[in-house]
Number of protein chains: 2
Amino acid sequence: MWSTIGELGEFGLIERVTARFPGTGDVILGPGDDAAIVAASDGRVVATTDLLVENRHFRRDWSSAEDVGRKAAAQNIADIAAMGARPTALLVGFAGPPELPVAWAEELSEGLRAECAAAGAAVVGGDTVAAGEITLAVTALGDLGGHPAVRRDGALPGDVVAVCGRLGMSAAGFALLEAGVHDADDAERALAGRAPERGAGSGSGTAGPDAARSSAGEAPDWPDCLNEHRRPRPPYTDGPGAARLGARAMLDISDGLVQDLGHIARAGGVRIDLDSADLVPESALCEAAALLRELGRTDRTAREHMLFGGEDHALAAAFPPEAELPPQWCPIGTVAAPGADGPRVTVDGAAADARGWEHFR
Amino acid sequence: MWSTIGELGEFGLIERVTARFPGTGDVILGPGDDAAIVAASDGRVVATTDLLVENRHFRRDWSSAEDVGRKAAAQNIADIAAMGARPTALLVGFAGPPELPVAWAEELSEGLRAECAAAGAAVVGGDTVAAGEITLAVTALGDLGGHPAVRRDGALPGDVVAVCGRLGMSAAGFALLEAGVHDADDAERALAGRAPERGAGSGSGTAGPDAARSSAGEAPDWPDCLNEHRRPRPPYTDGPGAARLGARAMLDISDGLVQDLGHIARAGGVRIDLDSADLVPESALCEAAALLRELGRTDRTAREHMLFGGEDHALAAAFPPEAELPPQWCPIGTVAAPGADGPRVTVDGAAADARGWEHFR
């Protein structure tokens, strides 16, 4: 009927996609008026915004439209959770070329809806405009429920630093996608193509294409890293949970663990000492790191992916030493008074560079 | 020192622009954490979002960076006012090419700051990313102060329809800019270039280049239309004011008066009858309409610009007949029960087409 969003038109597109968005108990007025109205139970609202631009933050040949919608929602909702707040609502600005298929826009909306549903939030408004490249502008709102927010600046010497969520997997998945590895067959082909060099110089005991499969011949775990890059699963409820556990500082890890903990260190005027032995990589990450080495893409170890990878959308927090952390919070270090070199992050006693990545550069 | 935003980098740019944004009494936590925290005094927050894309919504050769910042803020804050709410905060997503001058980004920030200050709001957060085209994603938040919101759907037969703010001038200004007329000299040159045709066929009594000046030889008023397009001045405080006056339905006029009143008509299941004699154009608009005719760009009369022009960001509302409207609210029509042809807008008794413009088409 309408194959492109240009044919469907702005109002037609808005009508089709907003029909997908159910309300929640927090939605006082949903899409369709000049603005939405959302409950802010304790007289405060938490708000954050992020932009995702095609070919910078996602690629249509790497991620489905639903993946893109889920990720756009997830990374914003994670910022709300990282304040210790419960997400309530999303507003979504969408810019795209008129020749974009309506089906793509609808699947994107489905991804936004599904991720909001997983977090207990609702899409309450937005805007659609024509543009040369696809851009998603997502704003998330949240509710602190009467509790103080957990900011970046409250860490105290003696606190325990802990993380909740998966580290390094998104970055490893990104590196694999960059290497043209979208699934196990791609990996096999890529390794086969590199076989002579590996035989000549790698010194690795792993037989070539087997690295794409798994040493036991079973289905490999490393494709989980692709999934983690395409659809991060931030631990939403553990944000407010951390606030209840007494977290003194918290943030969402988006630019890499070491770089983001640097914000907590500087904001609190403290040193954060990490023990890399406490960073235990999942088998999927170990396999991905091995595969990336085999492919000649990066020598990063699994632990280095955990320390420096980006787009994790895990939570990192500083808790008082007496806090009883549930198992999803993994202690990885401690907070100390700063040394002569000021607030910073160390790994196994050595100053760590923030090798996360900056946009624009 | 740093001439482009690519050289300055994401964090450097954020640091430079956020330094410009002062807080207000509504800002509980400003930029710098995962999310901002804003007061929502009565347990509700009003929220709206809009995208502006370069060469679709603004042009760098038509508008200064400060103009663009002011307009981006204004059009969002107008949506908050149109709910009857007081604007409290803005979040701004900014995408731009690395080669963009830092000065342009700083002037843009100044525009955002100044317009927020004019409306009593604060910039509390945002995001900056690299992209091929400049895109601004603005989200505005507002506070209803314990009052009911004024939605689109409450108009009742017998109500008075009134507008507050300037109509048609932005659209006329846009048409002039499209004609290459950025100032009075451009207009003179353009008219001189058309002199033969005008002499031959226009039948207008106005002597050519004089239309660019004004009949009395004084400074002309029409450049006001250029200003109105570059920097709309929505009547922010009249939004909550209308709520106090008992407005039953209200919206921000962005796609043209007739088209937007169509939303009130359909949402309320009513007919809206406009009397074009009540639409009194300012001299600037009369001059602009005449100039556009002289230039052969459009035959629209000044009143037609008022009825069908876009991007006015004036407010239109339906008030009960007993409401005592202050002078800034100009009555232009009445609400009636719908006829056999359903909810619609008429002008001087004739059904009016919504000749506003849709994006994408």
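Including glycine, each Cβ sits where the backbone N, Cα and C put it.
Feature list (source: TrEMBL):
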type	residues	note
DOMAIN	A:32-142	domain 'PurM-like N-terminal'
BINDING	A:D34, A:D79, A:D252	Mg(2+) 3 binding site
BINDING	A:D34, A:T48, A:D79	Mg(2+) 4 binding site
BINDING	A:T49, A:D50, A:D127	Mg(2+) 1 binding site
BINDING	A:D50, A:D79	Mg(2+) 2 binding site
BINDING	A:H57, A:E311, A:W357	substrate binding site
BINDING	A:G126, A:D127, A:R152, A:S254	ATP binding site
REGION	A:194-243	region 'Disordered'
BINDING	A:D255	Mg(2+) 5 binding site
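Features recorded in TrEMBL, as mapped to the structure shown.
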| residue | record | Cβ contacts under 8 Å, 6 or more apart |
| --- | --- | --- |
| A:D34 | Mg(2+) 3 binding site | none |
| A:T49 | Mg(2+) 1 binding site | A:N76, A:A137, A:V138, A:T139, A:A140 |
| A:D50 | Mg(2+) 1 binding site | A:A72, A:Q75, A:N76, A:D79, A:A137, A:V138 |
| A:H57 | substrate binding site | A:L51 |
| A:G126 | ATP binding site | A:I14, A:T18, A:P31, A:L91, A:V92, A:G93, A:F94 |
| A:D127 | Mg(2+) 1 binding site | A:V92, A:G93, A:F94 |
| A:R152 | ATP binding site | A:A249, A:M250, A:L251, A:H263, A:I264, A:A267, A:G268 |
| A:S254 | ATP binding site | A:Q75, A:A78, A:D260, A:G310, A:E311, A:D312, A:H313 |
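Chain B lies within reach of A:D50, A:R152, taking the binding-site residues A:D50, A:R152, A:S254, A:D255, A:E311 and requiring a CB-CB distance under 8 A. In this view, the densest Cβ surroundings among the binding-site residues A:D252, A:D255, A:E311 belong to A:D252, judged by other Cβ atoms lying within 10 Å. With DSSP classes pooled into helix, strand and coil, the tally for the domain 'PurM-like N-terminal' (A:32-142) is 35 helix, 46 strand, 30 coil.
Within the model, the domain 'PurM-like N-terminal' (A:32-142) carries an average pLDDT of 96.
Within the same chain, residues at least six positions away from A:T48 (Mg(2+) 4 binding site) with a Cβ under 8 Å of its Cβ are A:N76, A:D79, A:I80, A:T139, A:A140. A:D79 (Mg(2+) 3 binding site) has a Cβ environment of 29 other Cβ atoms inside 10 Å. Taking every pair among A:G126, A:D127, A:R152, A:S254, the residues recorded as binding ATP, the greatest CA to CA distance is 32 Å.
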